[in-house]
Amino acid sequence: QNLTRVSEFILTGLSGDLELQPLLFGLFLSTYLVSVLGNLLIILAVSSDPHLHTPMYFFLSNLSLADIGFTSTTIPKMIVDIQTQSRGISYVGCLTQMSFFMLFGCLDSLLLAVMAYDRFVAICHPLRYLVIMNPRLCDLLVLASLFISVLVSQMHNSIVLQLTYFKDVEISHFFCDPSQLLNLACSDTFSNNVVMYSVGAISGFLPISGIFFSYYKIVSSILRVPSTGGKYKAFSTCGSHLSVVCLFYGTGLGVYLSSAVSTSPRNGAVASVVYTVVTPMLNPFIYSLRNREIHRAMQRLFRKII
């Protein structure tokens, strides 16, 4: 009797306080514009400067592109909802948003793992770096990451498309969060959990394992370097990437751990802002501030524009 066949969901957003809406609108609009502009500058700097046509910056430009897609999946819809005070999203729109959220989120994770492998080859096999990380392998790694991300997204959609009835139409989030939608579904939780764990293993556990293994080899190799200057130079080549890895996975794990401890879905929605909004916005600043080559390329790009 309580089953509901829905054609639309209601997104509660971050806050129902009308006085906070103008503040939230301005805050998220500005952070979204900064995020998109910053990542576009990274892409333009890498593509326009021949000195940056290397595997590391090729992966960086693809990561920036994935970050633009990741943040564009959720934030524009939330900004429009705040402005129009309309919280509804259609079933098809919710599925589409979830699909792209899983796609770009998984692509971000896999590209960070690919970049860790690139740093591993650069530090542990410097003489063979250009031979191993040839353009064909770089293209193959990016295409493989994209293919796996599409596969993960479709695996999730295959389960969600079978869901017809839901206990409620209200999602306590500012976007169609996959885990919350599955919790609202009136279906066998076992199959849902199998898919969610499979998706988590492919998009989370495997990339993290690859990153840990790469940095284990990197640290082991650096510790064998006799000079302090050589150690510092080796660490500095992967400092930016390591900062982004800690920011992305640290905030993501923090969200899931906080949601496990806290019983309030609204707290999880607020925590999700960190990895959906803050992390894509900070990535360009981390790479531009910690990387002299990117800094110089951006200066040359600004001179051309001016």
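Using the three backbone atoms N, Cα and C, a Cβ is placed for every residue, glycine included.
Keep in mind that TrEMBL annotations are predicted by a computer and have not been checked by a curator.
Taken from TrEMBL as is:
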DOMAIN    38-287  domain 'G-protein coupled receptors family 1 profile'
TRANSMEM  23-44  transmembrane segment
TRANSMEM  56-75  transmembrane segment
TRANSMEM  95-117  transmembrane segment
TRANSMEM  137-156  transmembrane segment
TRANSMEM  194-216  transmembrane segment
TRANSMEM  237-257  transmembrane segment
TRANSMEM  269-289  transmembrane segment
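Remote same-chain residues near the transmembrane segment (137-156) are listed as 55, 58-59, 62, 98-100, 102-104, 106-107, 110-111, 114, 117, 178, 195, 198-199, 202-203 (criterion: CB distance under 8 Å, separation of at least six residues from the stretch ends).
Packing against the transmembrane segment (269-289) from elsewhere in the chain are residues 12-14, 28, 31-32, 34-35, 38-39, 41-42, 60, 63-64, 67-68, 70-71, 74-75, 172-175, 177, 240, 243-244, 247-248, 251-252, 254-255, 258-259, 295, 298: each is 6 or more residues past its ends and has a CB under 8 Å from a CB in it. Same-chain neighbours of the transmembrane segment (23-44): 14-15, 60-61, 64-65, 67-68, 71-72, 75-76, 78-79, 82-83, 277-278, 280-281, 283-285, 287-288, 294, 298, 301, counting only residues six or more beyond its ends whose CB sits under 8 Å from a CB of the stretch. Mean pLDDT, taken over the domain 'G-protein coupled receptors family 1 profile' (38-287), works out to 80 on the 0 to 100 scale.
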